[in-house]
Amino acid sequence: MGDIPAVGLSCWKASPGKVTEAVKVAIDAGYRHFNCAYFYHNEKEVGAGIRYKIKEGAVRREDLFIASKLWCTCHKKSLVKTACRRSLKALKLNYLDLYLIHWPMGFKPPHPEWIMSCSELSFCLSHPGVHDLPLDESDMVIPGDTDFLDTWEAMEDLVITGLVKNIGVSNFNHEQLERLLNKPGLRFKPVTNQIECHPYLTQKNLISFCQSRGVSVTAYRPLGGSCEGVDLIDDPVIQRIAKEHSKSPAQILIRFQTQRNVIVIPGSITPSHIKENIQVFDFELTQHDMDNILSLDRNLRLATFPITKNHKDYPFHIEY
């Protein structure tokens with residue numbers, strides 16, 4: 001496979017009304033990697049931005065690296081291709097450069113029975129959000145009876161048929177990734193494991209494990225965000241290092257990941273932030289800087305997905 005661009009634009013939480021313009025700004029700023037997902041419910045608008053810049057002649061499709069993700073209600077093998085085609089249709093693309101299993105957990109599909117007509121599935125997938133999180137009377141997700149090893153076989157078929165160039169996973173712990181890598185008859189290894197990663201959740205052990213197995217790591221939420229009064233951007237250590245390098249705190253947080261050989265996908269719809277976030281290749285953090293940032297680790301996970309904690313494949317019950 002070709003290398004995944006080191007910095008990409010995450011389209012998570014980018015409202016449909018603003019993400020098209022954000023994609024245009026990003027391409028002009030030098031971004032070539034765009035991280036999408038069915039669950040973000042904005043793929044149509046992301047695709048509009050991509051097509052605009054291609055038509056304009058600013059970029060070619062083959063210059064771009066477009067990733068999307070399989071949602072949890074479509075883990076049954078017979079639904080994987082339909083879900084992938086849905087994302088391709090929304091993006092108006094012929095292929096994806098990367099397709100990920102969004103979470104290792106399969107949910108009950110949007111129909112009471114596993115067998116679903118194409119028209120029913122088409123309706124569910126064209127009304128995003130309606131059936132994404134099937135809940136029981138306790139407001140916990142209703143699991144499906146799938147196994148991600150079976151889902152992976154359908155993901156591999158997408159590569160064979162040319163719908164996607166590469167496949168990977170997201171939010172897998174090391175035991176789940178090891179189980180996948182040891183799968184009998186494995187045709188394609190996951191090229192990356194996309195995980196939450198920032199200085200308050202450095203993921204040192206999981207990154208080491210993935211890289212030792214030849215699986216790259218992609219960091220989502222690299223700027224941390226705010227949770228329970230904690231805002232990583234305002235951390236005194238990050239602020240000090242930023243001042244020393246005459247860079248923004250966000251640039252320090254992004255550079256921190258690239259120096260760990262971790263792909264990083266910050267998200268923003270603000271043009272100035274989009275441009276700033278990719279300007280991280282003209283300076284280098286010292287080893288002292290890196291050690292100080294690593295020392296901030298507090299195992300603070302922001303994306304805990306609590307309504308799935310009872311699922312057999314919930315990934316965060318173990319240390320890494």
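Glycine is no exception: its Cβ is also placed from the backbone N, Cα and C atoms.
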According to Swiss-Prot, Ile265, Pro266, Gly267, Ser268, Ile269, Thr270, Pro271, Ser272, His273, Ile274, Lys275, Glu276, Asn277 bind NADP(+), and the residue from Gln176, Gln194 that belongs to that same site is Gln194
For Tyr40 (active site, proton donor), the number of neighbouring Cβ atoms whose distance to its own Cβ is within 10 Å equals 23
Glu276 (NADP(+) binding site) has its Cβ surrounded, within 10 angstroms, by a count of other Cβ atoms equal to 18
Cα-Cα, Gln194 (NADP(+) binding site) versus Lys69 (site 'Lowers pKa of active site Tyr'), nearest Å, comes out at 11
Cα nearest Ser272 (NADP(+) binding site) among recorded positions (Tyr40, Lys69, His102) -> Tyr40
One of the recorded positions Tyr40, Lys69, His102 has its Cα closest to the Cα of Ile274 (NADP(+) binding site), namely Tyr40
For NADP(+), with binding residues Gln194, Ile265, Pro266, Gly267, Ser268, Ile269, Thr270, Pro271, Ser272, His273, Ile274, Lys275, Glu276, Asn277 per the record, max Cα distance (Å, no decimals) returned as 25
